[in-house]
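These features come from TrEMBL:
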type	residues	note
TRANSMEM	17-50	transmembrane segment
TRANSMEM	62-85	transmembrane segment
TRANSMEM	97-117	transmembrane segment
TRANSMEM	138-156	transmembrane segment
TRANSMEM	168-188	transmembrane segment
TRANSMEM	200-217	transmembrane segment
TRANSMEM	223-239	transmembrane segment
TRANSMEM	246-268	transmembrane segment
TRANSMEM	407-428	transmembrane segment
TRANSMEM	458-482	transmembrane segment
Amino acid sequence: MEKAVSSQDLEDTRVPLIIPFAAASALGVVALCLGSSLPVVLMCVAGITISFLPLHLYGRDLYSMVAILFSARYLIIALLFKIAYGQSLDSHLFDATAAYAWTLVLMVIVTVIILLARRWDPGKQFFAFPNDPKSLRKLAIISFCIGVSCLAIIGSRGSGDGQASAGPIMVIASALVSFIVLGLAAEAIRSVELSGGKKLFSPLLAGMFGFTFLAVIALNQRAFLFDAVLGIALVGIMYRAISLRLIVFGLVFAVVFTNFLSPLTLYLRSQREAGVSQFIEIASQTTARMIVDPEFRRTVVETTKFAQTRNFTEDTAFDYFGDRSNVANRLSHVALLDAVLNGVRTRTYVGFPAVEKNLAGVMPGFLGFKKDGVSVGDWLAWHTGLLEPPYTTYIVYSLPMEAYTTWGWIGFLTYPFIFLLPVLIIFSRLSSFRLRAPVSIFLFADMQHALIESTSDGYMNLVMREIVVLAIVLGGIHFVFFRERPPRLARHLVKAALLREPRSVLARRPGD
């Protein structure tokens, strides 16, 4: 067990670059046949290949997963969806060449940051949790109970999908709800180790995931479902426990999520003002009706598509796939980058007001920062023409697009080093991303959403709030449940010796 969890020798999990290059090239040929331009396809293939460099050098550690995640959210998912839709990569973009060129630059920057962060990673855990089956089971149950409790708090007091109301309780609950992932990861590792790598799901893990699934639907908190799936998937990938049956199940789940769960949770947002019990009843009735009534299901899907884009201006709204698909456009940021490049082209860079806006979101109000309730993404979208003031949609704007809107190409090149690199270094001090430990997987799943979709205020929140709360709770769990104590008999003998002959015992030097 010790070697499986803490070993840094992942040489046997390295992947030759020719494999991702060949796969991306094959998909690129299909994209060419669909009418994509050669420069765009070449840049897409190059960006995907470059992002697999950490996997080629170091194997399946979490740093390679960070690089692949960026590549997936900008290039891989876009390429797959475009082929599935039968569209060229150039379609529905203002300037496809510029969009993919900047995306290629971003992939190079992210890869360099990953290599630097891994170079400075000490390869240790601040809280070394035991990794025997009994301890993993205990960690799984404790963590899962903490996460579910916080999920209930957010669901009862929040506004849906993670947008919780302000207040210290909600801040703490939002930071700790991800402990669900720690519980799932610990139980998955236990199952893999006990089965010799043949079994990822134990009965308890299946029950925990099923409960999480039902809670997410009932409380309209779909973001946490993705984190839960990612945590289990990472264990399977890093421990080589992904079977063909699980791959098929994952594909089916992705289709169901895209065509059923995502529209359902978005549709239920309009009912979020109801009480918890009433909302759960509405959610169950709506779910049942969507299952049995195809016409109602189509109405829900079209309603959610309109709701997500009704506030966008018609001339610059980004819709890479031409069907207002919330899921596809949310998972692929190429069109967002293209829209930002197009919007900034005829406008001046925002500059220091954007910095002040970000600081106002994370700094306490008594320091003089004014909080206007408008997200940084919506505020930046007003300045690039994506949204018309005062409309808001809580648009995902992301750090690279914020950087370009604020400072131009200088910001685009420097912001990842200013924000992404420190976050990786700080989080890796709590539990190294070189390791396949439960806490490392948990931290990755917890912060990956912010790394991809947040603006700089989200990165600052990770460092100023979330890492502090996570460290305190992890330290508390370790101290209360996993702290090494001397055996009871040994404690008794030491106490008796000190009571009988305190001077002789205390005066005795080591080695005597």
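Placement of Cβ uses the backbone N, Cα and C atoms for every residue, glycine included.
These figures come from a predicted structure and were not determined experimentally.
Relative to the transmembrane segment (97-117), the listed stretch 407-428 leads the set 138-156, 223-239, 246-268, 407-428 in CB pairs under 8 A. Residues 136-137, 139-148, 150-151, 153-154, 157-158, 162, 200-202, 204-205, 208-209, 212, 224, 227-228, 230-232, 234-236, 438-439, 441-442, 445-446, 465-466, 469-470, 473 of the same chain lie 6 or more positions beyond the ends of the transmembrane segment (168-188) yet place their CB under 8 Å from a CB of it. The largest share of C-beta pairs under 8 angstroms with the transmembrane segment (17-50) comes from 62-85, of the ranges 62-85, 138-156, 200-217, 223-239, 458-482. Recorded stretches compared: 62-85, 138-156, 223-239, 246-268; the one with the most Cβ pairs under 8 Å to the transmembrane segment (200-217) is 223-239.
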